[in-house]
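Now, the feature entries from TrEMBL:
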ACT_SITE  B:S149  active site, nucleophile
ACT_SITE  B:D316  active site
ACT_SITE  B:H349  active site
BINDING   B:R219, B:D350  substrate binding site
DOMAIN    B:43-354  domain 'AB hydrolase-1'
SITE      B:R318  site 'Important for acyl-CoA specificity'
Number of protein chains: 2
Amino acid sequence: MSFIATPQTMHFPDALPLQSGASIRDYHLAFETYGQLDAERANAVLVCHALNASHHVAGVYAGQDDSKGWWDNMIGPGKPVDTDRFFVIGVNNLGSCFGSTGPMHPHPDTGAVYGADFPVVTVEDWVNAQARLLDQLGIGRLAAVLGGSLGGMQALSWTLQYPERVRHAVVVASAPNLTAENIAFNEVARRAIVTDPDFHGGHFYRHGVIPKRGLRIARMIGHITYLSDDLMNERFGRQLRQGLELKYSTQDIEFQIESYLRYQSDKFSDYFDANTYLLITRALDYFDPARSHGGNLTRALARAQARFLLVSFSTDWRFAPRRSREIVKALLDNRRRVSYAEIDAPHGHDAFLLDDARYTGLMRSYFESITKELR
Amino acid sequence: MSFIATPQTMHFPDALPLQSGASIRDYHLAFETYGQLDAERANAVLVCHALNASHHVAGVYAGQDDSKGWWDNMIGPGKPVDTDRFFVIGVNNLGSCFGSTGPMHPHPDTGAVYGADFPVVTVEDWVNAQARLLDQLGIGRLAAVLGGSLGGMQALSWTLQYPERVRHAVVVASAPNLTAENIAFNEVARRAIVTDPDFHGGHFYRHGVIPKRGLRIARMIGHITYLSDDLMNERFGRQLRQGLELKYSTQDIEFQIESYLRYQSDKFSDYFDANTYLLITRALDYFDPARSHGGNLTRALARAQARFLLVSFSTDWRFAPRRSREIVKALLDNRRRVSYAEIDAPHGHDAFLLDDARYTGLMRSYFESITKELR
């Protein structure tokens, strides 16, 4: 049994300038906090989320036993990121679909649902919005900022946008930018959504429909790339869904892996917002701190003052270990303090969300060392 | 300038029993031949094609300079597979959309277009159909059967279905079966097609529409998996399509790789048949000669009498070298004569269609050795 988590909301009336040149005002951020802020306001840990996650990082909602937070195995009382010691903050990003202002909400000027008119948000914009939330919570400097995948990009960006506000950055299964192949997979997912006749140029809400076909395809592609080839072979292999005989059909489910993908993608299309999918994959595509430094990551990371822990997983082909090593190298070039672990795990990109004794043990020691520092 | 190729068609009135239990009769096969059959009828080489190819293997059509065959760099007068020495046969498989009988043709009983009612065909069925064609051409035993990818699966299957009719089998960038990940990618592509509202359960012909949205998505997925991550980075990287400034759009093209994928997929959706895509990806999924031997590939390949050349490419993650090595091992377990080359090439799965001096040199020597044998 986990502890009870309580979602909160903060309203921000003032306009937040965005990287695109646009701005957004009168927005809400959904967030949760676990543990107690200490008297020095020094033990705060911000957790940044990836594509399909939210502010609900740990614990369960009262009366909903199956509502466990997405990183509940890592964060909580007595867990590697120990909420008996740290004040942990989870925040849902702008443009997401789990409580913070997003494309499904009304524009404050017109009262009409944003839809495709929701401004394009970037990792840097999210970090700015998170910083404003911390301001409201009275937190100046973070003991740590922590995230996996796209969340790791936010953690890295924090150290560049607010170097003086981050003591430690824990960047898990992440990358300094997406490869062409990553962008390509995102683009296929986006095309599947955008070309679904139920998308209506992003204004499907007013038509009372949802581009579920596109969302399903997007989710299937995501799922394949989150898992490793080995894990899929071990878990599904060439196992048939029913019996031992082939049905010889091009449209019916034949293999177990097909059944799994259809089930997962159906579930996803029931709750995820299509415009959010576009926005978040674009934020992934755009993130590239080296871009304004002529592609030189070492120069881009010179601003960072934090100490770093980077973690990658051997079978993660979406955010491969070599991408983490690029960040490590650039930080070392700048003589920053960096720890790096490459965990030999079979689970592909998903490994960052799963239990692995070496991984959780490492996180536990790292956060224990932060505790000692804070005393 | 290449030589002039001339497509031919052969009619088969008799029913061909299919693996599914169904059969197909009154069908046509489109084929081409290059070179001359020798007096002993011993120099025939059959070339089997993969997903998006046809009987038009080499040469150009009269008056159409841009109609080069898909393996023209490998096959022709003086080429590695030298049509001055070999009688080369290319055949379009049943269910394809380049001339042989397929889902877009009428059922002989009803006169109505097959559509989704075209029978499911397997690699084994294709090989049986090819064998009948060879019978008609008066060819008993092949000097070699040759194919890449799905074509390699057909070449391998030839040695099991007609061991006495194959002297050499050249299996390039292939596998003894698909992995769960391969099946998963095929399934996403199929779902994209089947859930396109213009698919009409496979009977779109009678509605005068084409499920282009689904075909585009299917092709994009294919394209990504045919290329290597490295090659995509080298060719496209994070290059923007226009200028140096981001446009901040979720739907417009921003990166060069997006532009490439959209262009390729548009082109594909103009000529490829949606039902054919389903049929051919299913044939890939189903191929698994070890299946009827309890998963034991060694036992499955015991029937093979041919000598083998297997070729794989280091960066091919769709049909990885280790899959070719499984075949090599199973053949060696059976004390068959096997040559194996793993070519260090950056082009991913597509490498089997491209020029690489080591690869073409190897093919040339192998086919020269066959020539010597025939003398």
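Using N, Cα and C of the backbone, Cβ positions are placed for all residues, glycine too.
Positions of the features from TrEMBL, shown on the structure.
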residue: B:S149; record: active site, nucleophile; DSSP class: coil
residue: B:R219; record: substrate binding site; DSSP class: helix
residue: B:D316; record: active site; DSSP class: coil
residue: B:H349; record: active site; DSSP class: helix
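Local packing around the recorded positions B:D316, B:D350 was summarised as the count of other Cβ atoms within 10 Å of each Cβ; on this measure the leading residue is B:D316.
Recorded residues B:H349 (active site) and B:R219 (substrate binding site) have their alpha carbons 15 Å apart, per Cα-Cα distance. Within the same chain, residues at least 6 positions away in sequence whose Cβ sits under 8 Å from that of B:R318 (site 'Important for acyl-CoA specificity') are B:N182, B:T225, B:Y226, B:G348, B:H349. B:D350 (substrate binding site) sits 9 Å from the residue listed as 'active site, nucleophile', taking the Cα positions as reference. Just so you know, the Cβ of B:S149 (active site, nucleophile) picks up 27 other Cβ atoms within 10 Å once every protein chain is counted. Model confidence over the domain 'AB hydrolase-1' (B:43-354) is summarised by a mean pLDDT of 97. For the pair B:S149 (active site, nucleophile) and B:R219 (substrate binding site), the C-alpha distance works out to 16 angstrom.
Across the structure, B:R219 (substrate binding site) and B:D316 (active site) place their CA atoms 18 angstrom apart. For B:H349 (active site), other Cβ atoms within 10 Å of its Cβ number 23.
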